[in-house]
Amino acid sequence: MWCNPIICALDTYDINHALRLTKMLYGKISMVKLGLEFFTAHGLSGVQAVSDCGIPIFLDLKLHDIPNTVGKAISVIKSLNIAMLTIHISGGRDMMLSAIDSIFGSMIKLIGVTVLTSIDDSDLKDIGIDRSSIQHVMLLSKVAQEIGLYGIVCSAFEVQEVRNQCGKDFKLVVPGIRFEDDYSDQKRVKNPKDAILAGADYLVIGRPITMSSDPIQTVDAILSSINL
């Protein structure tokens with residue numbers, strides 16, 4: 001980890017809000033996450049503006065396309081100061097290998113997306129996947145590690161089993177971190193302490209921080225709850 005496990009998810013198209021929060025949280029968190037909403041609105045220049053604030057960037061684009069397209073997209077993205085970038089493991093081995101080839105010469109770490117935290121077993125069944133969410137995550141995690149990705153994104157419910165399967169050096173990024181009274185649109189979620197105890201390396205936390213009246217106090221409370 002860079003300094004602590006918290007990645008603040010700036011899920012917004014408002015660049016001024018994103019910059020304000022990034023500057024406020026400098027030195028308090030490990031990274032900020034910029035996703036599709038922000039990237040669609042502001043592109044490479046917007047990512048660069050946030051990066052200029054000095055906090056490492058977790059660019060969560062969940063790339064999923066043919067190998068050549070993903071490779072070329074990453075060749076453009078790697079001009080930015082990005083710490084981690086997400087790609088879908090379900091894009092296949094050739095796509096992931098193309099992504100790995102394309103980050104050569106940069107500091108970018110590739111993180112594989114397994115099963116979104118908004119999806120549960122019934123959703124998987126609807127799209128023709130007969131495995132449970134944890135079985136599917138375990139399968140995809142194994143493939144990602146064999147290919148050579150830096151780590152994966154999974155829910156806190158799968159962390160312990162993935163850790164046992166993949167070992168201590170494979171990084172586990174856990175989104176869907178909520179407090180007990182706020183599960184919103186996420187289905188497979190846990191609170192910060194439970195996620196860390198289960199074996200998470202990074203916690204992606206959005207609204208509990210970004211919608212707080214005092215984001216710094218909220219971050220301090222989260223760190224205190226996990227004894228950091």
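Keep in mind that glycine also has a Cβ here, set from the backbone N, Cα and C atoms.
Keep in mind that what you see is a predicted model, and the values were worked out from it rather than measured.
Listed in Swiss-Prot:
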ACT_SITE  K62  active site, proton donor
BINDING   D11, K33, 60-69, T117, R178, Q186, 206-207  substrate binding site
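Positions of Swiss-Prot features highlighted on the structure.
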| residue | record | Cβ neighbours (10 Å) |
| --- | --- | --- |
| D11 | substrate binding site | 17 |
| L61 | substrate binding site | 19 |
| K62 | active site, proton donor | 17 |
| H64 | substrate binding site | 16 |
| P67 | substrate binding site | 18 |
| T117 | substrate binding site | 24 |
| G206 | substrate binding site | 20 |
Distance [Cα-Cα, Å, rounded] between T117 (substrate binding site) and K62 (active site, proton donor):
13
Sort G206 (substrate binding site) into helix, strand or coil using the DSSP assignment.
coil
